[in-house]
Amino acid sequence: MTTNHEVLEQRYRRLLRVYPGRYRRERGEEIVGTYMDCAAEDRKRPTLADVGDIAKAGLLQRLRHAPEGLPGGMRVAAAAALSVVTAVSFVFTLRVEMSPPPGGTEFDTFGAFQSPAVILWALWMAVGLSAAFLPGRVTRGLVLVPMAATLAYIPIAYLTYYASPPMFSVIPLAVFGALVLAWPKTPHWTMRVAPPVSLLLALGAFGITEPHRTYRTGDVVLDLPVLVLLALGAIVIAGVVEYFTRRTTRTLWAASVLLLPAVWFATYSLAGTRMSAGDWNVAASGTYVTTAVNFGLMALAIPLVALAWSHWRAAKR
């Protein structure tokens with residue numbers, strides 16, 4: 001008969017899978033022994049605090065064994081991602097939400113705005129602007145709020161008749177937000193000013209023209225992703241220059257992880273078709289879904305191949 005003590009030990013050993021294999025083999029017994037010594041005799045499950053400690057320590061060990069440049073690249077990607085969602089949110093608020101839909105439409109309105117999506121844009125802008133002065137750990141915590149709100153908005157867009165932003169203009173922002181979780185505890189000043197600067201650039205690029213009536217009239221949803229892809233191209237060029245001048249792949253790693261949400265955000269431009277009011281209906285928007293899947297798989301393949309190549313090179317050394 002298995003005792004509580006043995007069950008607890010087995011569960012601690014399962015948790016150790018978050019550590020790299022080599023580290024687990026070298027230090028696993030020591031780690032399990034330490035937790036078992038501190039555990040009550042009748043306990044059968046690790047405490048939440050223990051689970052959190054093991055997960056955090058394991059992820060830190062994996063980052064130490066990550067390919068050269070990847071940890072720094074994730075920090076660059078976090079700054080770029082927060083800059084993107086801040087600028088996009090500003091443009092959507094200024095160019096669409098603050099302009100009433102044209103007369104004769106049957107869309108509902110959300111007070112003085114076109115849709116509840118304005119709440120998402122306000123939350124993203126608040127995080128982007130507050131990152132300029134808040135501690136890094138606070139920014140990481142705050143970004144969970146607009147991420148959750150963005151995901152919660154998806155059923156609202158399906159079930160209501162607001163002039164909501166298109167599906168692939170909303171979902172990628174949550175993915176960009178996930179990258180912001182790599183925001184460092186003590187960000188460099190350039191990271192802090194990047195989101196506010198991106199907002200000012202968006203104001204210069206989009207703030208001097210007439211507002212669009214809806215997300216589906218005019219070209220704001222088609223133009224913005226093109227600018228995001230151009231910015232990503234500039235990051236790639238900077239990464240190539242950085243590699244040949246400083247022998248670091250940090251910025252190239254950042255570009256590779258930014259590619260997937262950037263491609264998804266550009267779904268409507270890549271599909272080459274105009275948007276319709278039914279694009280929140282998956283059955284009515286097969287072209288968009290197919291485009292997102294095809295280009296998304298290609299975008300995802302790039303960092304995966306880079307990871308495999310890095311591990312292969314490390315194994316040969």
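Any Cβ shown, glycine's included, is placed from N, Cα and C.
Taken straight from TrEMBL:
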TRANSMEM  72-92  transmembrane segment
TRANSMEM  112-134  transmembrane segment
TRANSMEM  141-161  transmembrane segment
TRANSMEM  167-184  transmembrane segment
TRANSMEM  191-208  transmembrane segment
TRANSMEM  220-244  transmembrane segment
TRANSMEM  251-271  transmembrane segment
TRANSMEM  291-312  transmembrane segment
In contact by Cβ distance (the transmembrane segment (141-161), the transmembrane segment (191-208); 3 or more pairs under 8 Å): no
Range from 112-134, 141-161, 220-244 with most C-beta pairs under 8 A to the transmembrane segment (251-271): 220-244
Distal contacts, the transmembrane segment (220-244) - CB-CB under 8 A, six or more residues away: 76, 80, 84, 88, 91-92, 95-96, 165-166, 169, 205-206, 212, 250-252, 254-255, 258-259, 262-263, 265-269, 275
Folded-back contacts onto the transmembrane segment (112-134), same chain, C-beta under 8 angstroms, at least six residues removed: 82-83, 85-86, 88-90, 92-93, 96-101, 142-143, 145-146, 149-150, 153, 156-157, 160, 162-165, 170, 173, 177, 180, 183, 187, 191-193, 195-196, 198-199, 214-215
